[in-house]
Amino acid sequence: MKINNIQPYDIVIFGAKGDLSCRKLIPALYNLEKKNLLCKNSRIIGIGRANWNQNKYTEIVLKSLNIFYKNTIDINIWNNFKEKLYFYKLDVTQTEKFFNLKNILLTSSNTKIYYFAVPPNKFNNICIGLGTIQYNKPPNKIIVEKPIGTSLQSSKNIHHTLNTYFKEDQIYRIDHYLGKETILNLLTLRFSNPIFYNIWNNKNIEYVKISVSETVGVENRWNYFDEIGQTRDMVQNHLLQILSLITMSIPKQLNSKNIKKKKIQVLKSLRKINTTNIYQNTIRGQYTSGVIDGKIVPAYIEEKGAKKNSDIETFVLIQANIDNEQWFGVPFYLKTGKRLDCKKTEIIIQLKNITHSVFNHHIKNDYQNQIKIRIEPNEGIEINFCNKKPDINSKYKLKNSILKFDYRDIIQDEIPDAYERLLFESMKNDQSLFVSKEEIETSWEWIDSIIHAWQSNKIKVQLYKAGTKGLNLRKNIS
């Protein structure tokens, strides 16, 4: 039986005990069950080293849903969902033990989706194991999490491993930001509305800012985070994907091949940041102790397990420039940091003022048209524009007004979670919302140049207080 043209799958989660599985994958799969998008004979097979039996895994899954699922668990849906759950104890470093896993996999003819919810240093073991038992062949597929690698060379090494055992059309590289509703709407917004399409260029746009602000710290991941920092973790991983979507030229068709082609063109047009221009185009910071939500939080180097002399950045602001006809001269500010004043992800498109407007002397100096795309929280769009204020004493007394669009106003049901959508897209064999190898390696090439320039010029982190907005390149960009 097929549901909405979706065939039954075995979804095999390597790293079933981990944070990603419990926090994101299990709630997403439960939601797919709730929407009747998992076939009755699909299976969810958790793989891990824990000494669990079937009942224990079911108990852990229910506990995860109680903690991380946003709504009330329906007993009937849960009863159907738990029938799909299986667990197999396996240390993936012992590749010879995959022959025992084969005995479970061959009990169903379902196509397999292997989710690598483990660190990249385990990818090679899993690929070898699946290759040994010949369960790496099409139509089986894998899903791997970004960031892939910590540099261009390490990403190439990982891709070599993946491509040794799987073809490109079997590999789904996931960036969960690409599953967010507002990100999905970017191409629709840009290419179906003349009001946006006709102004989306350097003739009309003064600058663009993409910001991802977090109030959390490193959350017991100090050793992991201190190896990579905010630039590798967030800019290469998420912000460059958003940048490519808001600047790519219109594709011939809205399919995976054409969209990826246009995104790669943008990434290859990024002006290189190197030792000669690193100071004016970047700033890196690290949080000190401060107050967030009324509570005192420790400095980065005071977190559990921290090294007191760490110079890794928890904040970065980069001015990127795209050297093509459409965007030459427009600065793109990529800002992201931890322990900031609020949790917020947004895109701001600042439009140029009219050079010789008859209303210039009526408008405040700080006024400009602005388009704000809210990614989280409260997904939506705001347009800032100038409006005449009703006033009998003044013919042209102007004020700033805002047009707002909120997704909550047009959808009664819960907005689909990013992981829910991306898992469903993988079941439909659609790679449009996933990232290609060339995109990742092109992004790493640009990021590597920045990291190298920081190291060569011995640029230290500047300190910012937790609970603030971080650091600025320019006074009018906050």
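Quick reminder: no glycine exception, Cβ is built from N, Cα and C everywhere.
Lifted from TrEMBL, the feature list:
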- 12-185: domain 'Glucose-6-phosphate dehydrogenase NAD-binding' (DOMAIN)
- Arg49, Asp91, Val92, Lys146: NADP(+) binding site (BINDING)
- His176, Lys180, Glu214, Asp233, Lys338, Lys343: substrate binding site (BINDING)
- 187-470: domain 'Glucose-6-phosphate dehydrogenase C-terminal' (DOMAIN)
- His238: active site, proton acceptor (ACT_SITE)
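Ranked by CA distance from Lys180 (substrate binding site), the recorded positions Arg49, Asp91, Val92, Lys146, His238 have His238 at the top as the closest. Minimal Cβ crowding within 10 Å, among the binding-site residues Arg49, Lys146, is found at Arg49.
Taking the C-alpha atom of Lys343 (substrate binding site) as reference, the shortest distance to any of the recorded positions Arg49, Asp91, Val92, His238 belongs to His238. Measuring Cα to Cα from His176 (substrate binding site), the recorded positions that fall within 10 Å are His238, out of Arg49, Asp91, Val92, His238. With the fewest other C-beta atoms within 10 Å around its C-beta, Lys343 stands out among the binding-site residues Lys180, Lys338, Lys343. When the binding-site residues Arg49, Asp91, Val92, Lys146 are screened for a C-alpha within 10 angstroms of the C-alpha of Asp233 (substrate binding site), the residues that qualify, in sequence order, are Lys146.
In this structure, the C-alpha atom of Glu214 (substrate binding site) lies 14 angstrom from that of His238 (active site, proton acceptor). The DSSP secondary structure for Glu214 (substrate binding site) is coil. The Cβ of Val92 (NADP(+) binding site) lies under 8 Å from the Cβ of Phe14, Ile47, Val118, Lys122, Asn125, Ile126, Gly129, each of which sits 6+ residues away along the same chain.
In the structure shown, across all protein chains, His238 is the one of the recorded positions His176, His238 with the greatest number of other Cβ atoms within 10 Å.
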